[in-house]
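Engineer: Quick paste from TrEMBL:
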- 156-266: domain 'UBP-type' (DOMAIN)
- C180, C183, C200, H213: Zn(2+) binding site (BINDING)
- 308-804: domain 'USP' (DOMAIN)
- C317: active site, nucleophile (ACT_SITE)
- 616-657: domain 'UBA' (DOMAIN)
- 677-717: domain 'UBA' (DOMAIN)
- H766: active site, proton acceptor (ACT_SITE)
Amino acid sequence: MELLRSNLSRVRIPEPTNRIYKQECCISFDTPRSEGGLFVDMSSFLAFGREYVEWNYRKTGNPVYLNIKQTKKPEPEDRPLKKPTLLAIGLEGGFDYHEQDYEGTYSIVVLPDYVYLPFPSVELPEKVRLAVDAILMAEGAERKEQLASWVADKKQVSAYAKNLQQINNGVVVPPSGWKCAKCDKVDNLWLNLTDGMILCGRKNWDGTGGNNHAIEHYKETSYPLAVKLGTITADLSAADVFSYPEDESVEDPLLAEHLAFFGIDFSSLQKTELTTAERELDQNTNFDWNRIQESGQEVEPLFGPGYTGLVNLGNSCYLASTMQVIFSTHSFRSRYYENQSLKVAFETAPADPTVDLNTQLTKLGHGLLSGKYSILAKQKEECEKSTPTTSSAKQEGIPPRMFKAVIAASHPEFSTMRQQDALEFFLHLLDQVERAHTGKPEQDPTRSFKFIVEERLSCPSGKLAYNNRTDCILSLNIPLDAAINKEEVEAFNKLKAEGKEITSEEAVRPRLPLEACLACFTAPEEVQDFYSTALNSKTTATKTTGLITFPDYLVLHMRKFVMDVGWVPKKLDVYIDVPDVIDISHMRSKGIQPGEELLPEAEAGGENMVEANGPFADEEIVAQLASMGFNYLHCQKAAISTSNVGVEEAMNWLLSHMDDPDINDPISQGMHNTEPALDEGSVNMLISFGFSEDVARKALKASGGNIEKATDWIFSNPDATNAADVNASSSSNDSGAVESGLPDGGGRYKLMAIVSHIGTSTHCGHYVAHIHKDGRWVIFNDNKVGASIDPPKDMGYLYFFERLSS
């Protein structure tokens with residue numbers, strides 16, 4: 001006890017604003033249920049596993065810790081399992097948090113000799129008792145973040161409900177026997193609350209659902225609210241009311257009156273249909289093997305190093321599938337696992353390692369690759385009955401909470417529990433890792449994905465311009481006219497048009513070879529309003545695209561999501577035949593050739609100088625927006641209007657200006673002139689940092705005049721000083737790789753991973769990864785890891801290829 005009293009100065013009583021970690025080690029995935037329990041530093045309130053707490057003692061000198069151990073309570077055999085009714089964790093009606101299934105024991109531990117003192121005990125100093133009580137009563141930092149982001153948005157009262165006009169046309173809705181007024185559908189029916197029309201709901205991507213008659217009726221009439229028949233009961237709050245103009249499920253406080261208008265006695269109705277929220281909830285709770293790619297297959301579970309699953313934190317499958325692939329690449333595996341120990345990462349981390357990207361990537365890498373956590377889950381059935389069967393055996397997996405919090409800090413959407421686009425997350429991850437390696441590019445693992453794209457523009461004068469940009473994905477259009485089963489698809493579409501009921505097994509989808517998608521990337525395309533310095537006027541140029549360098553890892557993004565009529569996202573339901581080995585050597589750009597003549601530079605001060613150097617759109621921003629299905633001209637305008645700051649800013653501008661009357665007008669010099677004049681003080685400030693005036697002006701222009709963003713832009717664009725104008729840059733095949741420092745090699749690649757998506761949008765549904773490991777394909781479906789029987793090579797959203805050695 002005297003040892004503890006002598007160290008009281010190193011004990012703090014936590015304030016309400018302090019973040020307290022007590023559920024997971026900050027540098028490993030140890031928990032209070034791990035061997036030895038968890039040790040909470042009573043000064044910093046960071047938690048450490050038994051194997052790592054001494055590292056913290058040596059780094060900080062903090063000797064006093066609260067040791068928390070949890071053991072599982074025996075569960076009553078008749079305990080009912082409640083189905084969740086709310087998309088939330090730890091709240092009434094939400095997912096069961098299971099914390100009540102464990103009981104905790106606590107001790108005060110003094111390092112370095114690991115002197116254990118029991119808690120509670122009246123013999124402990126009052127300061128220690130108060131500190132421990134505050135720690136135990138506080139909501140853990142991990143839990144706070146989880147709850148804050150998991151609770152789904154509460155339905156808002158519709159702006160159209162209070163003054164809804166209802167038409168007295170004599171319609172009386174019967175209590176049952178409903179049918180769509182425009183087809184034979186008898187389920188998924190919606191009652192329009194203005195005119196009483198009963199119509200079917202939207203058609204799903206796979207042909208199931210309704211025939212879109214309810215949404216079409218809204219477009220024709222603008223009648224805003226509809227209620228789903230079959231969800232109306234005595235509890236009107238559970239009824240599914242949808243607002244078409246607000247495009248979401250809403251609350252109608254006057255629903256009883258609106259239903260009575262059509263003679264509906266809601267008190268006698270029984271529920272027969274799932275609400276939209278319940279369908280969403282089912283998607284979140286039914287991640288069964290039979291619902292995912294390898295339906296009905298007996299998948300053999302796998303355990304050991306490199307076969308560790310990731311716990312779904314709530315719609316986090318986009319992160320899980322991407323990170324499983326990332327840590328299957330040699331570049332990330334060597335950077336964060338083979339060549340960096342947890343101890344080194346912790347010793348070089350800031351005071352709070354939970355907010356350090358390097359530490360959390362190292363923690364995740366060791367968690368996935370070491371095999372320490374890839375063990376059979378301890379289940380009640382195992383303990384009380386017998387060894388589980390092959391099909392029931394599973395692992396608990398590791399929860400990537402701290403990594404998710406760090407990587408999402410600069411991207412608010414990723415901090416929510418909503419589903420996200422795996423491609424967008426992949427690009428964001430590479431961007432953050434690259435920024436973390438500013439000044440030390442030789443350690444940057446993202447370079448293995450990067451390559452240089454060359455665009456060759458030819459104008460009618462016969463002269464040429466070359467433009468280079470760096471990218472890390474090949475985003476490929478899907479040319480449906482290249483389908484190899486056109487006749488079968490046409491016959492199938494004819495049957496659908498005739499209204500014949502077709503099962504998913506009978507559906508015929510277009511099937512295309514990957515070569516056709518790659519050919520689209522390199523095919524010539526017209527560029528409107530290209531200013532030719534040879535002709536001194538705007539003209540139509542022809543653009544061809546190739547690669548100057550070939551990356552170590554080639555990522556192909558299939559543009560399955562396109563914008564349909566009315567800017568409605570649509571998923572192309574196609575099969576892509578992807579071979580195990582591809583050769584893209586023919587896509588190598590040859591650069592300027594003997595006898596070719598480049599377009600001349602615009603004369604300084606000449607009339608056309610302004611035209612030639614007019615508004616410039618960042619090609620990377622434009623390419624990413626175009627890959628989402630937006631019009632290329634609109635993407636250019638969005639990038640220019642937001643000063644090329646970033647994709648998110650351009651996207652926001654685009655969504656808010658899609659209905660502008662001049663959105664389809666050619667890009668004018670006036671757009672360029674709307675940029676605010678640069679503050680000379682800001683320019684001089686950047687020059688004082690050691691940057692050239694040219695680079696300083698470029699950075700400030702790209703970041704809207706913000707010095708902090710401009711500095712970040714400079715470090716994120718190390719080749720900024722060499723960037724050339726679109727209309728006059730040239731390059732050669734040999735110099736590109738040398739100047740960039742990017743890897744380069746042969747054009748033969750083998751397929752090493754697939755990220756597949758199920759759902760109507762990248763922001764809903766489910767992602768699964770298949771990775772080729774140890775001579776076989778392995779499926780990673782969140783915390784479930786198993787030997788793949790039939791990998792969906794033709795259904796991928798992202799394909800990862802590894803270069804074959806010559």
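Just so you know, glycine gets a Cβ as well, placed from its N, Cα and C.
No curator has checked TrEMBL annotations; they are predicted automatically.
What you are looking at is a predicted structure, and each value in this text was computed from that prediction instead of being measured.
Are these features on the surface or tucked inside, and what touches them?
Structural biologist: Secondary structure of the domain 'UBP-type' (156-266), assigned with DSSP and counted as helix (H, G, I), strand (E, B) and coil, comes to 19 helix, 21 strand, 71 coil.
Under a cutoff of 8 A between CB atoms, and with a sequence separation of 6+ in the same chain, the neighbours of C183 (Zn(2+) binding site) are C200, N211, H213, G499.
Model confidence over the domain 'UBA' (616-657) is summarised by a mean pLDDT of 78.
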Engineer: Just to verify a number: CA distance, H766 (active site, proton acceptor) to C317 (active site, nucleophile), in angstrom, no decimals.
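Structural biologist: Pair distance, Cα basis, whole Å: 6 Å.
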Engineer: With the Zn(2+) site defined by C180, C183, C200, H213, which remaining residues of that chain have Cβ atoms positioned within 8 Å of the Cβ centroid?
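Structural biologist: Result: A181, K182, D184, K185, L189, L199, G210, N211, A214.
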Engineer: How many other Cβ atoms sit within 10 Å of the Cβ of H766 (active site, proton acceptor)?
Structural biologist: 23
Engineer: Could you tell me which of these recorded positions, C180, C200, C317, has the fewest other Cβ atoms within 10 Å of its Cβ?
Structural biologist: C180
Engineer: With DSSP as the yardstick, break the domain 'UBA' (616-657) down into helix, strand and coil residue counts.
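Structural biologist: Helix, strand, coil within the domain 'UBA' (616-657): 30 helix, 0 strand, 12 coil.
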Engineer: I'd like the number of other C-beta atoms within 10 A of the C-beta of H213 (Zn(2+) binding site), please.
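Structural biologist: Cβ-Cβ neighbours of H213 (Zn(2+) binding site) within 10 Å number 21.
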Engineer: How long is the line from the C-alpha of C317 (active site, nucleophile) to the C-alpha of C180 (Zn(2+) binding site), rounded to the nearest angstrom?
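Structural biologist: Between the Cα atoms of C317 (active site, nucleophile) and C180 (Zn(2+) binding site), the distance comes to 37 Å.
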